[in-house]
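Some notes on the structure that comes next.
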Amino acid sequence: MAGSRLPRQLFLQGVAAVFMFAFASLYTQIPGLYGPDGILPARRTLRPQGKGRWQQLWETPTLLWEAPRLGLDTAQGLELLTLTGTVLALGALLLRPLRHPLVYLLLWAAYLSACQVGQVFLYFQWDSLLLETGFLAVLVAPLTLPPRHKQGRASPHEGLPFWLVRWLLFRLMFASGVVKLTSRCPTWWGLTALTYHYETQCLPTPAAWFAHHLPVWLHKLSVVATFLIEIAVPPLFFAPIRRLRLVAFYAQVLLQVLIIITGNYNFFNLLTLVLTTALLDDHHLSAEPGCSRHKRTPTSWPKALLATLSLLLELAIYGLLAYGTVHYFGLEVDWQQRTIHSRTTFTFHQFSQWLKTVTLPTMWLGVVSLAWELLMTFWRWTQVQGWLRKLCAGVQLSVVGAATVALFLISLVPYSYVEPGTHGHLWTGAHHLFGAVEHLQLANSYGLFRRMTGLGGRPEVVLEGSFDGHHWTEIEFMYKPGNVSRQPPVLVPHQPRLDWQMWFAALGPHTHSPWFTSLVLRLLQGKEPVIRLIQSHVTSYPFHKQPPTYIRAQRYKYWFSRPGEQGRWWRRQWVEEFFPSVSLGDPTLEMLLQQFGLQDKNPPRAHSPSRVLARALHWVRTQLSPLEPPTLLWSLLAAVGAIKLVQALLAPGPFQSSPLARGEKQRPASKDSRAASEPAAPSSNPGNGSRPPRRKK
């Protein structure tokens, strides 16, 4: 198996980039979501219970407990955390020395702190995925940077925690595929889910309109491919044959890129792409000429036999995947109509029995793979020369190995949720470990797109305001569907969290979304931070001069327009009233506020405006507020690209660092020129030049 030095660096840079996007996106929305005049003020979530400082921090792990010591309220503390996280992540993305465990620990702690007060707006699976990935980055990041061009001095344990990233990717993809079938959703079982998905997803892109109008047979074939990539391919992540892992890598990349093109899923797909780096190796990523071509050297017959057997096994796996896909999904080619017919040929009971059969073996697959990684790490440790270096490496290996095994055991509990029978047969110690750290979100359960919604048209909530209660004006959001003539936006990697929750609110009655009542209240009060969540430029808001006297909400059904309808992206039809017409002081509104505990009984305490930190935060907010959130994030991305380009141009070339470029004399060639040209293991006594270096076989 090839090394993982380059994939680890790529993983650490990717995690830093995703943290940067997540923090910056959240920062732009804090005043409207969590400020004193926001929808769900963050200060209500942190109420001291009279417990000790450390006990309080352990039960509710957030650094925002310390905000009052800095003269900040909870929302201002959240702004400071997100700004600090953005800067730290940007630094780790650009500077290699900042890819340190301490930096990633701070990023993880800051995001965990935000999630503790984020309430419903931070209850997304990708937020949990980012926390779990961020904690793994703490273990993957090296404590010290090895000197350049001296890769042999890398610590033996450095690649061990990186295996957990591969295990996380497996849990994410396999569970996401399984839940689609265990949910008994008729569209997934009928292979018609994608005939609805592009139209009914939260925030489609313009490409979703074109994808929606593709032939039905192609949609069904795409569902089959999704099941193949998410259920059948993930076990190949642990295949001992390198080409199988690379095939699995490109299959996952293809799926994530197609999702990015057709849907605005903020940083989720980017984070999943970062996880796929665990399937790569140095040989595949290296651009050095020597690594791109294998030397033609005589091969012994055992090695030739092993290579032949590996090729035959690889071909057998490809054939098995192809046969299983054709058999279980009834693929038939219709040459006359130039289509491919597909149908599900197995039942729910058969799938449930299959899941009971394979869930526990997939856990043992993880155990065997991890045991192999531990064994190889231990073997590398035995090759360390010098008793002091071996002792230090042994201590580090013991700590990292124990942490890796513990995190693997913890992750088995949420993974076993895919099959309840297996969950009950887990070792009780794993349950105890998971229960002790569950609130830290070190391991989570996943399952995306469990059921397809909007089968009869996507439900959409449209807010309306009025001054007299008779003439109503629609309040249009920047991103979610509203105006049928407005083109769907492209927002990645920004996530407008209010727009996302509006999509969830439309799926049921407004009482299932208590925060919606608070949104209505803030709009009746004319609170500018909340208005900016709807329209970044306040002048585009129809009631920017004076708040409306009445507000109500209607539920519509939306469909993509048909080809040929000029100037229209959507069609819509009124369904029912979603939220009744209310005004300030209305008994209905007051009753709902009291029912959901949204009444502001304790107004926020006034903090001294003379605080330097508070004034600095206000100044930064003032400077950045004119920028729309997607523009801000794209500007960060452009700045990173420009700096990377400058770094590449200023970096010394491969010949500038060579001995010949520095004017040094070339040493005379050794008698055994072939041995001198091969890489040698570092000698334990570098000062003794009389002994030839020993080569590792």
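The first residue you see is number 1, and the count goes up from there.
Yeah, the Cβs are placed from backbone N, Cα and C, and that goes for glycine too.
In TrEMBL, the annotation transmembrane segment applies to 358-379, one of the ranges 160-181, 358-379. TrEMBL assigns the feature transmembrane segment to one of the listed ranges (75-95, 222-242), namely 75-95.
Using a cut-off of 8 Å between Cβ atoms, the transmembrane segment (102-123) and the transmembrane segment (358-379) share fewer than three residue pairs, counting only pairs 6 or more apart in sequence. Per-stretch counts of Cβ pairs under 8 Å to the transmembrane segment (12-30) identify 75-95 as the leading one among 75-95, 304-326, 358-379, 391-413. Beyond the transmembrane segment (358-379), the same-chain residues lying 6 or more positions past its ends with a Cβ under 8 Å from any Cβ of the stretch are 1, 156-157, 159-160, 163, 167, 170, 174, 235, 238, 397, 401, 404-405, 408, 412, 415-416, 418-419, 422, 425. Secondary structure of the domain 'Lipase maturation factor 1/2 C-terminal' (442-580), assigned with DSSP and counted as helix (H, G, I), strand (E, B) and coil, comes to 33 helix, 34 strand, 72 coil. Cβ atoms under 8 Å from those of the transmembrane segment (304-326) belong to residues 224, 228, 232-233, 236, 239, 241, 243-244 of the same chain, restricted to positions at least 6 beyond its ends.
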